[in-house]
Amino acid sequence: MGQKHLVLVTCFWLLSCALLLDASSDGLLRINLNKKKLDKEALTAAKLARQESHLRRRFSGPRQSLGASSDDEVPLDNYLNTQYFGEVGIGTPPQNFTVIFDTGSSNLWVPSSKCYFSIACYLHHRYRSAKSKTYKKNGETCTITYGSGQIAGFFSEDSVLVGDLVVKNQKFIETTRETSPTFIIGKFDGILGLGFPEISVGGAPPIWQSMKEQNLVAEDVFSFWLNRDPDASAGGELVFGGVDKKHYKGKHTYVPVTLKGYWQFDMGDLLIGGHSTGYCADGCAAIVDSGTSLLAGPTTIVAQVNHAIGAEGIISTECKEVVREYGEMILELLVAQTSPQKVCTQIGLCVFDGTHSVSNPIESVVEKEKLGSDLFCTACEMAVVWIQNQLRENKTKELILNYANQLCERLPSPNGESTVDCNQISEMPNLAFTIANKTFTLTPEQYIVKLEQAGQTICISGFMAFDIPPPRGPLWILGDVFMGAYHTVFDFGENRIGFAESA
């Protein structure tokens, strides 16, 4: 892969977006999304924003009235098929701000007019409390830390205009310091969090909770339709109080929220061309996150996806060494019915704590050199899953070990993303997530992201590696690639999430 391609891939992760608000005549509150052409600067912004979004996270029967016409819809803007945002007004008269609607966080924040020493504040709209008739002083200070920086500021209260709804006395953050380059480059002014109160800094209620308490919505739900058509004028819609029936087909499949904070639920296996990848066959946690561009999941599975679609990653020396030195032993132990969770312990690369393997804690110089930064234990655990899957297919020893070696070469790059041959998209398999015992299929056209630069098309896999250890993991983050294929309902009245095919 050429240097230019590497630059594009590296840049892909920073996201920034601009939102347009469009009032509707049918009583729905709509937040619109716009499409923008991909370019080098935009890609850089997209990558930075994605790094911020991922690194900030600390993972430590349907009602028939969902289609009510009294819902409020907010049209959303689509930036690079990677992030969606819209416009809200704060204060009386309203001061307009472009915000990212993020189900992976819960606070609303915008730059303050009292932000004097951060360049980002001068490049974006700033809230001026003196110009609002409904402003109420709070003054409590706060800080939110992200991957490569942080925001700091203080809480205030004011009216917030979302579509046609006015949410009174909403507690939000006026930022006085924004240290991340993301906020300088980003097209957005701030973030409007749609997660649960449990992860809200300062105990500020998320905007949907305030809407519920003030009886502003007909139903205790909000829903996303994300338009993945790069040539369409509409980027999507965020609807508060219900759903827009023209944006989905059939009925929604609902799953309960298993852990409040993020919109988290239990999912099953990921299938490649109808075949199990094994790692989540007995269940994994997952969260739906509108603030994440791609699909993030365990490296063990992403490497199998990369192999199936021909994605180029980095060659993992540790992984190949484990297969070379211990591959036959792993195979023999699995054939002898050894518990997969204990195989790497018996080999000596991991320590079994009673529920799962952890890195060997031996502190001798020899062991430190052998184990490195837990890489050999991790590589061994991945090899166990891969070899076990091939054993189920009754493959020969030679084929099994060759397959595991090939997967080592398909491990994602350090930044998580991998490129594919754009000419081979039609030959790639369908991939499917198992949710509520149903399969939700993604076609290659849906899980491959195309980037245009200087007349060239670069194709990026929609899957990135993101490992969360037990007990919170393994965990998947279903971002905009999935939400673009499946209309998503966030039901905070019944604490559940619904998916239906997007129309």
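Using the three backbone atoms N, Cα and C, a Cβ is placed for every residue, glycine included.
Lifted from TrEMBL, the feature list:
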type     : residues      : note
SIGNAL   : 1-23          : signal peptide
DOMAIN   : 84-500        : domain 'Peptidase A1'
DISULFID : CYS115-CYS121 : disulfide bond
DOMAIN   : 314-354       : domain 'Saposin B-type'
DOMAIN   : 373-414       : domain 'Saposin B-type'
DISULFID : CYS422-CYS459 : disulfide bond
Rounded to the nearest Å - Cα separation of CYS459 (disulfide bond) and CYS121 (disulfide bond): 34
Within the domain 'Saposin B-type' (373-414), residues counted as helix, strand or coil by DSSP: 31 helix, 0 strand, 11 coil
Secondary structure content of the domain 'Saposin B-type' (314-354), with strand meaning DSSP E or B: 27 helix, 3 strand, 11 coil
For the domain 'Saposin B-type' (373-414), distant same-chain residues with Cβ under 8 A (at least six beyond the ends): 9, 276-279, 299-300, 302-304, 306-307, 311, 313-316, 318-324, 326-328, 330-331, 334-335, 340, 343-344, 347, 349-350, 357-360, 463-465, 467
Residues near CYS115 (disulfide bond) in space but at least six apart in sequence (CB under 8 A): CYS121, ARG126, GLY153, GLU174, THR175, THR176, ARG177, GLU178
Fewest other Cβ within 10 angstroms of its own Cβ, chosen from the disulfide-bonded residues CYS121, CYS422, CYS459: CYS422
